[in-house]
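**Student:** Please see the structure below; I have some questions.
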């Protein structure tokens, strides 16, 4: 394959780049702070003065970027990107002058990452984004996108806030006394949260600026394969990247206009006293935990028997039980039919099973849809799926060769780090002469329910389907903190091991710190390590995580020798083998 | 392994020369029912051996005559320590809650006695669980002090003073270690970690001598509970043996949380006064304390075991010398855990115990593997590490090293306003791309490091870290998103930058 020879070249080049970075890193400025690195900015920021960081960020990438740029000049992309060769309109018109090498529509996680990295590789890049608002619409958005403004970040901040009530409860058994019951002030939290979002929004803008990416505020629309219209102004670009993300979707039932979505739920003017959450996905369970922790009465309505379809069945059972123990009321197998507003201003939710009333808020967490409407995509021939997602190939290229798409707009794996990966891969493909496919194997993920979930690899159900013979190791225990607090908190862990190869196929955990714990294990699972490798690792004592390296006996062995089409109950019957 | 057993009999002083007919009361007799002893006893019993174990009566504070099933970890170490750390961590947590909208009283009362009571309840419960583990495995437990009286004989002094001698094909010493006190004038006024875990009253003013993990953990515990804490240690930074950069981070964090740090300081004298214990440092400083804690190291519990009389070799500090299989110079006597002073950690004692059971009764000679043992220090915030420190890597690696560090403000702090950065570090061998060491100081570090430890243990490369997708938003994801090298260190030796 042609890529193999390319691979060697690019490896050498990477090495060069690293050297370049190191050189720029040993400039005197550095002496004043401890550490530097390119950040994934959705999360946390160095405390050191930001101008230093910026200087550095630019410095690092200019040195490597300049180099890549000249490299690109001698080996035009169109002839070295295998997939681009015959089809890339850009490549076939080497003489045409574009305003930009890349024009990105949407400055969320994926768009910012692709734009920055492209610019760092020497491309001239512009990105357009709607004006800032905490609630998204056709005319509002904001630099930072869902993750920073209406997703991961504000969600996690509210999770932090809401977790405290559980901690207050725990702390009593650890000797702490509250003369008066701690009370929560919603407006303080929301004000502090919004101040933080503003700050992050500003940081994101700076990041773009420092990378040399031109930010254009406004709604971008594709006019032709190389032209984007933003508020009436036309910009030409060799490549166009669509990274417009997704938006919450509320089904059209009577009274659905009274319902709020997750955007609104993250920025309510007052705290719900009693809230109905419709949906059983991760957004539903996360908000259930948030409002429950802030002492709203929470009812969750799920169509299925259990929450979190697609997750490991045992995790689904476990998290549902734990959430119920913390006071959340689940209404399973109930589909919403109508929302009604009563004379006292409260809402009632009518389902196939009956009506529950007295809600101050009704929230729909019933899925998200790609933001692809009114972007002019269909007109220029970009194929969309039924759901409205942009169809892309493995390199994130749409059916129009000069138009690419990453992140939730493509509805592949809708997670910030995946959008980052796709954006990073795209920049490499287009501007670093290194065609790169995002790697979707063993992507870990977390649900910030209370208790939270972390997982990587296959569920038991998937593993059985794919491998047949698997060994299942589980642990279900009361953590040390809970034995002291007396609260009914438990931890559940599960390893799914291929019986034939001993390779760990999946790892699932629900309990305190699960998202933090699973990250390191994800490196192990991604690297294809075996159960014996887990066993050979000494535990860190006393931690919860050590349990994952001290699981000695399988809870059950599932064998294909059982006739095809075996059922759940048969699998369970194998327990204790 | 049976042959090994027989050989010892010849070497030993057992009269019966007809090996086949020798009858022992036990296949294995274990002295000390702590982490290592219990593990070895249980696993041996599960392999079919007849096992006896003796342990001193239960007491939270250990001495020559009291101890308890569960050992240091359960009764006077990891477990009670972590319970107190949990308790103490609520202090700063409650402060952090305010900016998240929680309205709390100005002062929140902390009731030490309640926590102490809960802690004692828990360790008594665990003590019971450990006893049950032994009896369920078919191990015979004797309460009393064990003493080696021959290569195959243990004398147990029971609580009523009567002595019984049991014969055993193999003897395992797993008596652990105890806190030591330095010879300072007035040292009797000070306490060790045993007492610190069981104090009647919470000190308002505490002085801690020592820079090891026990010292920094208690400093964090007492500070979190509201005490004034002075930490005196000999070196420039606490936690000798850990990565220098991380040591500096811990020192900065402890200071940031209000602990008074006294580097390069030792205590010269303790005097009892009206206002408390007057503590004098070698800098001539005077501190007044309610409690003075000596966290100046631990020594193996070998004094009353009669080991020298049977010919078991000890090292200078009294640790039992063993080979790679944990066997002493007397072939029928084995030793594991802190009493051998190898790597003094509970999970290591467990590993050693398992290996002895496999070696002696499992027909599977097994050496414990000391490569890449992860560990944690539960100061607040905690430190956790696996693999080589940067200094060790410089010494051991052949080629160039790449050091990746990340220093960031954890998301929780963006609203709480706490000024404390989390620091992470990966040390990578440039030529092989292998990650040689990982460390982190920040919330959840010990939980985060466990999975990283598997990766290191299996020789993971930096590329493998990079190819792992992050879990967002977490602190841990930083370990897989460290893209630019912070500094390069040359083969021959010194860092190019001295950050």
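Positions of Cβ are set from backbone N, Cα and C atoms, glycine also.
Keep in mind that what you see is a predicted model, and the values were worked out from it rather than measured.
Per TrEMBL, the feature domain 'FAD/NAD(P)-binding' maps to B:26-353. As annotated by TrEMBL, disulfide bond applies to B:73-B:78. The FAD binding site feature in TrEMBL is assigned to B:82, B:146, B:175, B:176, B:177, B:338. Look at TrEMBL and you will find B:210, B:211, B:212, B:213, B:214, B:215, B:216, B:217, B:297 tagged as NAD(+) binding site. If you look up TrEMBL, you'll see B:373-482 marked as domain 'Pyridine nucleotide-disulphide oxidoreductase dimerisation'. Residues annotated as active site, proton acceptor in TrEMBL: B:472.
I'd like to know what surrounds each of these features in this structure.
**Tutor:** For residue B:78 (disulfide bond), the count of additional Cβ atoms within 10 Å of its Cβ stands at 22 [all protein chains shown]. Under the DSSP three-state reduction, residue B:78 (disulfide bond) is assigned to helix.
Within the same chain, residues at least six positions away from residue B:146 (FAD binding site) with a Cβ under 8 Å of its Cβ are B:29, B:31, B:32, B:54, B:154, B:155, B:156, B:305.
With a 10 A radius on its CB, residue B:297 (NAD(+) binding site) counts 14 other CB atoms from all the protein chains. According to DSSP, residue B:297 (NAD(+) binding site) is assigned to coil rather than to any helix or strand.
Under the DSSP three-state reduction, residue B:472 (active site, proton acceptor) is assigned to coil, being neither helix nor strand.
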**Student:** I'm trying to understand the geometry here, so how far is the Cα atom of residue B:297 (NAD(+) binding site) from the Cα atom of residue B:175 (FAD binding site), in Å to the nearest whole number?
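**Tutor:** About 16 Å separates the two Cα atoms.
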**Student:** Report the largest Cα to Cα distance, in Å and rounded to a whole number, among the residues B:210, B:211, B:212, B:213, B:214, B:215, B:216, B:217, B:297 that the record lists as binding NAD(+).
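**Tutor:** Per the listed residues, the maximum Cα distance equals 14 Å.
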**Student:** By the DSSP assignment reduced to helix, strand and coil, which category contains residue B:176 (FAD binding site)?
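**Tutor:** Reduced to three states, the DSSP call for residue B:176 (FAD binding site) is coil.
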**Student:** Hey, for the NAD(+) site built from B:210, B:211, B:212, B:213, B:214, B:215, B:216, B:217, B:297, who else sits with CB inside 8 A of the CB center?
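**Tutor:** Here the non-site neighbours turn out to be B:208, B:218, B:233, B:238, B:239, B:295.
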**Student:** Would you mind ranking the recorded positions B:82, B:472 by how many other Cβ atoms sit within 10 Å of each Cβ and giving me the lowest?
**Tutor:** B:82
**Student:** Around the Cβ of residue B:216 (NAD(+) binding site), how many other Cβ atoms lie within 10 Å? Please give the count over every shown protein chain.
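**Tutor:** There are 29 of them.
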**Student:** Quick one: average pLDDT across the domain 'FAD/NAD(P)-binding' (B:26-353), no decimals.
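**Tutor:** Averaging the confidence scores along the domain 'FAD/NAD(P)-binding' (B:26-353) gives 97.
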**Student:** Which value in Å gives the longest Cα to Cα span across the FAD site residues B:82, B:146, B:175, B:176, B:177, B:338 as recorded?
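**Tutor:** Looking at B:82, B:146, B:175, B:176, B:177, B:338 as a set, their Cα atoms extend up to 30 Å apart.
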**Student:** In sequence order, which residues at least six apart in the same chain have a CB under 8 Å from the CB of residue B:175 (FAD binding site)?
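**Tutor:** Residues satisfying the criterion: B:31, B:32, B:34, B:37, B:300, B:301, B:302, B:305, B:339.
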**Student:** Look at each of the recorded positions, B:73, B:177, B:210, B:212, and point out the one with the fewest other Cβ atoms around it within 10 Å.
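**Tutor:** Output over recorded positions B:73, B:177, B:210, B:212: least Cβ neighbours within 10 Å is B:212.
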**Student:** Mind giving me a neighbour count for residue B:214 (NAD(+) binding site)? Other Cβ atoms within 10 Å of its Cβ, every protein chain shown.
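**Tutor:** Looking across every protein chain shown, the total is 23.
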